[in-house]
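Participant: What follows is a structure written as structure tokens; I'll ask about it next.
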């Protein structure tokens, strides 16, 4: 009987909704906020959005479903899931866990920056007028960013120690709805600013100029694929791990559609919250990607709007929720590996791993100031860790996952797992085609282009 509870000391999501919110929270992260609006606007607006949706369908949904079925079928997290099916493939789970470990080590530093800005807004928002200089001097300082990073990591550990239902699920049920409400509030405010229409046009109206030559077109296509890939947290072991806590009667196809849909919705709402505001109160030149957009441009934008301090605070709280739900998922991947593989107690696994990542994060933080002289391939430690995970570990892990599900475990086994809820899997053939042929080719393109464009 496949329904007998085997590993239930591991914990389970108590409801489909809890799982969907936790998994969507793991996918909705800083990339939705600081990458998507910029890339979409500069890559043809409406055209980019169409490409993005297409890749969610042929890349995002199939891989998410493949990882989820792998986790639920084995009831084990990343490493254990591969090992249970084929010992020779254990290393693929290992790549996912390593990826999560490295990402959270530096992601937590950025989470700390967000907390710092929340604190700054709560205490009156004295940024001294020059937001760029304020941010640059803050991240380069040897103590303050490190302290905030440790606070952020401690918060994540506190949630994960609570377990799947009482920790992760409970936190996700609070943070994700709150994030949604806040982003809608900020988006409505941004879209009603005088001059916001230009920004909305830039974001939504199809513009052929960025795709009017074959090389430009290919570049935008690769950007859309990459954005889907990174936005859905593929190849980090998250979906396998969260999937392993799913009940057998949960409808995974419906869950996957909702998770990918929510992730895309938040990305579009982020564009509506950010782009019109930048256009209305600043200039198009100031619409950048990355930390500068969130920590330099937007505080200046909020500063020049009525009640800007309030909207600035609300915005950074929603950024915190986006960062925290992703960070919690990454910590769970690493902790679950120790719980499943070495049979550690949850508290021991979580605290020791959080401490190890926090320590590495200290060096990542210092690499923007005191240790900036130490470089790897011309990058400081913070950027080098990002390069390793984004350009190498994630695509390699996802590529191997497709090969594993497509040819080693078998798409039919995955499809059988999908049908455990009693609903026929009508898209079985499309799923098989995507996992076996289409997705591996697309991921290979992301991998090669990412390394070539470095």
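Just so you know, glycine gets a Cβ as well, placed from its N, Cα and C.
Small disclaimer: the values here were computed from a predicted structure and weren't measured.
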Participant: Scan 110-131, 176-197 against TrEMBL and say which stretch is down as transmembrane segment.
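Facilitator: That would be 176-197, the stretch labelled transmembrane segment in TrEMBL.
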Participant: Near the transmembrane segment (430-452), which same-chain residues lie under 8 Å Cβ to Cβ, leaving out any that are not at least 6 residues past its ends?
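Facilitator: Counting only partners 6 or more residues beyond its ends, the transmembrane segment (430-452) has Cβ contacts under 8 Å with 55, 58-59, 62-63, 65-66, 222, 225-226, 229, 390-392, 395-396, 398-399, 402-403, 405-407, 411, 414-415.
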Participant: The transmembrane segment (392-409) and the transmembrane segment (217-245): do they have three or more Cβ pairs under 8 Å, with pairs 6 or more apart in sequence?
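Facilitator: Contact criterion met.
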Participant: Applying the under-8 angstroms CB criterion, which one of 12-34, 176-197, 257-281 scores highest with the transmembrane segment (313-339)?
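Facilitator: Most contacts with the transmembrane segment (313-339): 12-34.
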Participant: Three or more CB pairs closer than 8 Å, sequence separation of 6 or more: does that hold for the transmembrane segment (392-409) against the transmembrane segment (176-197)?
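Facilitator: No, since the transmembrane segment (392-409) and the transmembrane segment (176-197) share fewer than 3 Cβ pairs closer than 8 Å, they do not count as touching.
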Participant: May I ask whether the transmembrane segment (46-68) has at least three C-beta pairs under 8 Å with the transmembrane segment (351-372), counting pairs 6 or more apart in sequence?
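Facilitator: No, since the transmembrane segment (351-372) and the transmembrane segment (46-68) share fewer than 3 Cβ pairs closer than 8 Å, they do not count as touching.
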Participant: Same chain only, please: residues at least 6 beyond the ends of the transmembrane segment (46-68) with a C-beta under 8 Å from a C-beta of the stretch. Say none if there are none.
Facilitator: 39-40, 204-208, 210-211, 220-221, 223-225, 227-229, 231-232, 234, 239-240, 242-243, 246, 252-253, 255-257, 259-260, 264, 268, 398, 401-402, 405, 414, 418, 430-431, 434-435, 438-439, 442-443
